[in-house]
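**Q** Reproduced below are the annotations present in TrEMBL:
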{"type": "TRANSMEM", "residues": "36-56", "note": "transmembrane segment"}
{"type": "TRANSMEM", "residues": "62-80", "note": "transmembrane segment"}
{"type": "TRANSMEM", "residues": "92-110", "note": "transmembrane segment"}
{"type": "TRANSMEM", "residues": "116-135", "note": "transmembrane segment"}
{"type": "TRANSMEM", "residues": "142-161", "note": "transmembrane segment"}
{"type": "TRANSMEM", "residues": "173-194", "note": "transmembrane segment"}
{"type": "DOMAIN", "residues": "241-373", "note": "domain 'GGDEF'"}
Amino acid sequence: MLAMLYQRTKQSLLAFLQEGSQHSADPSLQRKAVQLNIGVLMMQATVLAFTLFFFALGNEGLILSGLVQIPWSLATLVAVNRAQHAGHLNLARWFLMLGVMADAASALMLAQGLVIGIHFYYLLFAIVPTVFFPASRWRESLLQSVLNLGLFAFFEIHGWTPHPAMLNLGPETVHVLRVAMVISCVLIVAFLMIQAEYSAVKKEAELQLMASTDLLTQLPNLRAFRQNYSREVARARREDSPLIVGMLDVDHFKRINDVYGHPVGDHVLRLLAQVLSEQLRASDLVARVGGEEFALLMPQTELEQAQQICERLRITVSRHRFGTVSQPLAISISIGLARLEPGDDEERVLRAADKALYQAKNEGRNRVVLHRAGLA
Ligand SMILES: Nc1nc2c(ncn2[C@@H]2O[C@H](COP(=O)(O)OP(=O)(O)OP(=O)(O)O)[C@@H](O)[C@H]2O)c(=O)[nH]1
C-alpha cells in the first residue's frame, strides 16, 4: 500500500517535472522547461515551510504573511503548469517570475514590512531569470532583473510599515528569521545551479554516446573504432601483447537490397550486428565502419586463435536465417585478419586486414583470410 502510494507520488512528480518538455525537440529548451517546473516546486516548498514556521512562532503578523502567500503560490503553480501543458514555455516563465514577485510583495506589504528583510528576495529574483530564460531571450531576462532590482531599491529606500504584531518579535527571533531567509535564497540558487550542471553533464554524455554509436545497428561507429584502436595499439605496445584487427564484409549485399529492398537490407545489418556481438568475447570490439562493413578488434589474441573465433563466426552467420519464417534469407561474410607486429604503424595493420579481406573476396567469399607478416 505504502509502496504503491510512493510509486504514484513519484510518477506524478516526475510527470509534473517533465511537463512542457514534450513540446520541444531542442534539448536545451527541454532542460529549461524542467528547470521552470523545479522553480515552481521550490516556491511551494519555501512558502509552505515558512508558513509552518510562522505558525510555530505564533506571531499574528507572521502568520498573516504566510497565509497571504499561499493563494499566490498555488495560482502560480496552476498557471505555470497549464502554460507548460499548452506548450507556452515563455508564458510559463513570466507566470513564475510575476508569481514570485507578487507573492513576496503581498507578504511584505500586507504583513511583514521590512522587519525580516523579505525584500532581499528581489535580489534572488533578479538573478534567477538567467537560469529560466535562454540566452536568445536576454531582453526579457534583463527586464525581469531590472524590475526586481527596482523593487528591491524602492523598498530599501522607502521602507514599509509592518503589521503591528511584527513589532512584538524579539530581536533573536528576527535574527533567526533573517538567517533562515538568507539560507533559503542560497539553497534555491545552489539547487538551480546543481540541476543545470547535472543536466548539462547528462546531455554531454548522451551526445558523446550518439557521436560514437552507429544509429542503425547501435554498434560503435568508425569514430569509436578509431579511438579504441589507438588505445589498444598503445596498450599492446606497452604490455608487449598481441593485437588482432579484422575487417568483415557481407558478401553480395547489394543483391539483398536489390532483391528484397533496402528496409530488408537494414534489417539484415541489424540482425548481423546482434549475432556478431553475441559471438564475440567481451574483451573484443565489433564496430560498423561502413555500409556493410564491420571492423573487429581482438586484444591479447594470437592470429590462430582469432582465426578460430572468426571461423566460428563465419559458420554461425552462414547458418543463421536473417529473413522471416516464410522468406528465410541466408547470407555469408568474408573476413580479413591482421596482427599488430612489433614496430608496426597503426595504419599498416588496417591496410593489411583490408588486403586480407580483399583476398577473401577474390578467393570466392565466405571465408577467413589471414594476412601473413611480410606480405604488406
Ligand atoms: N540496406 C542498406 N544497404 C546499405 C547500407 N549501406 C550500404 N548499403 C549497400 O551495400 C551495398 C554494398 O555493395 P558492394 O560494395 O557492391 O558490395 P557487395 O554487393 O556486398 O559485394 P561484395 O562485397 O563484393 O561481396 C550497396 O548496394 C549499398 O547501397 C545500409 O545502411 N543499408
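Every residue gets a Cβ built from N, Cα and C, even glycine.
The shown structure was predicted, so the numbers you read here are calculated from the model rather than taken from an experiment.
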**Q** Give the nonlocal contacts of the transmembrane segment (92-110) in its own chain as ranges (CB under 8 Å, at least six residues past its ends).
**A** 20, 33, 36, 39-40, 43, 47, 64-66, 68-69, 72-73, 75-76, 79-80, 83-84, 118-119, 121-122, 125, 128-129, 132-133, 140, 144, 147-148, 151, 155, 160, 163
**Q** Checking distant contacts: for the transmembrane segment (62-80), what same-chain residues at least six beyond its ends satisfy Cβ-Cβ under 8 A?
**A** 36-37, 40, 43-44, 47, 50-52, 54-55, 92, 95-96, 99-100, 102-103, 106-108, 110-112, 118, 163, 165-166, 169, 177
**Q** Sort out the residues at least 6 away from either end of the transmembrane segment (116-135), same chain, that have Cβ-Cβ distances under 8 Å to it, and list them.
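**A** Tertiary neighbours of the transmembrane segment (116-135) are 28-29, 32, 35-36, 39, 65, 93, 96-97, 100-101, 104, 107-108, 141, 144-146, 148-149, 151-152, 155-156, 174, 177-178, 181-182, 185, 188-189, 192-193, 196.
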**Q** Take the domain 'GGDEF' (241-373) and count its residues per DSSP category (helix H/G/I, strand E/B, coil), listing them in that order.
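**A** The counts are 60 helix, 29 strand, 44 coil.
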**Q** Summarise the model's confidence over the domain 'GGDEF' (241-373) as a mean pLDDT value.
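**A** Summing pLDDT over the domain 'GGDEF' (241-373) and dividing by its length gives 94.
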